[in-house]
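J.: According to TrEMBL, the protein carries these features:
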TRANSMEM  12-32  transmembrane segment
TRANSMEM  62-80  transmembrane segment
TRANSMEM  101-120  transmembrane segment
TRANSMEM  126-145  transmembrane segment
TRANSMEM  157-178  transmembrane segment
TRANSMEM  184-203  transmembrane segment
TRANSMEM  210-240  transmembrane segment
TRANSMEM  260-279  transmembrane segment
TRANSMEM  286-311  transmembrane segment
TRANSMEM  331-353  transmembrane segment
TRANSMEM  365-384  transmembrane segment
Amino acid sequence: MNNIVHKLRTLVLNEAFGGVLLIVCTLLALLVQNGSFSEHYREFLNLKVGFSVGEFELNKPFLLWINDGLISIFFFAIGLELKKEFLHGDFKNPKNIVLPFMAALGGILIPAMLFALVNIGDAYTLKGWAIPTATDTAFALAILMMCGKHIPSSLKIFLLSLAIFDDVGAILIIAIFYTTKLSIAAFVVAGIAILAMLVLNILGITRKSFYFICSVILWISVLKSGVHATLAGIITAFFIPMQTKNGEAFLEEIYESLKFWLAFVILPLFAFANAGVNLSNIDIGAIFSGVSIGIFLGLFVGKQVGVFLFSYLAIRFKFAALPQGSNLKQLYGVCILTGIGFTMSLFIDGLAYEVSDIFNYADNLAILIASFCSGIWGFIYLKFFTTRP
């Protein structure tokens, strides 16, 4: 019995299993949205949830609680991982930063340029230039894990490292380009919350409740400030101490406690809430619109070309080296997988085009198709066209 429990626990904590769960939630969202439960699905997402304290009121649809709230926890985890890697991990050595940084840079610039070229001349559609710059790490990693043991583990580390820079890029893009009207009062409150966390960090205080209270205040103030609330997640992470005064791992403990909730609650719920594309409302003209073509080319072509080209140049000019035990064919296979934008691309799409059905959901469908093509082609290529050197 203990052996069975151990095997089940191993399966649940396996990163590939988390990716499979995302796929299931995506298919479920599509089935529900295009089936007899579509009305209940929309009612669920539009259900108002909130609270009020005196004159202060926060009342938003459930979909926005997911996209503004739960995803902030995802970015908080990314921030924890980034801090850990820079202080005690691979990024402590500057040489290990070059390859994933260059790869992420190429994976942002080339897709954005392709999207802009297709949509040049239309100011509104150009707002979506950042949609194909994102990568859904959980999906990409799940497919990489399914490709077999001949794929060296160093490529998994490369993909994870690339993903960290990719997510930082997404955070900067959101903060700079998708920020609405700013509220000075909200910024003042946010500054006070940040100052409080700085003091807690300097004093070495590791009471989780203190950081939680400060992070909630920061999140609400950032939400009200006009800057996207996800920024609060990564800011909070930077002030979490690495260890307690007794030398016990504090940051690592928080990060590990979040992994299960991220993989099996937050990201699947996000996928279910955002992947429900109403296929009956999509017309042929919308599918072949500039937005849809730009998204597809950016994700399926731009991502793999940009990531591989910038990686190759870094290796060719000896700024970086190939991941240990891998070859260029295998590296290219991983680059294909970065075209799986899925949840992150859907998220940015929602910020770029606030009216969700402005393109009759053809933009969402383009994200799903491009992500599907990148995943299938990446799997086939890595599984059957690469060999270990």
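Using the three backbone atoms N, Cα and C, a Cβ is placed for every residue, glycine included.
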J.: Among 157-178, 210-240, 286-311, which stretch has the highest count of C-beta pairs below 8 Å with the transmembrane segment (101-120)?
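T.: The stretch with the most close Cβ contacts to the transmembrane segment (101-120) is 286-311.
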J.: Between the transmembrane segment (62-80) and the transmembrane segment (126-145), are there three or more CB pairs that fall under 8 A, provided the residues in each pair are separated by 6 or more in sequence?
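T.: They are not in contact.
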J.: Residue list, the transmembrane segment (184-203) vs rest of chain: Cβ under 8 Å, 6 or more residues beyond ends.
T.: 210-211, 214-215, 217-218, 221-222, 224-226, 232, 235-236, 239-241
J.: List, by number or range, the same-chain residues at least 6 past the transmembrane segment (157-178) whose CB is under 8 A from its CB atoms?
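T.: The answer is 75, 78, 81-82, 85, 90-91, 96, 99-101, 103-105, 107-108, 130, 133-135, 137, 140-141, 144, 227-228, 230-231, 234, 307, 323, 326, 331, 334, 337-338, 344, 348, 351-352.
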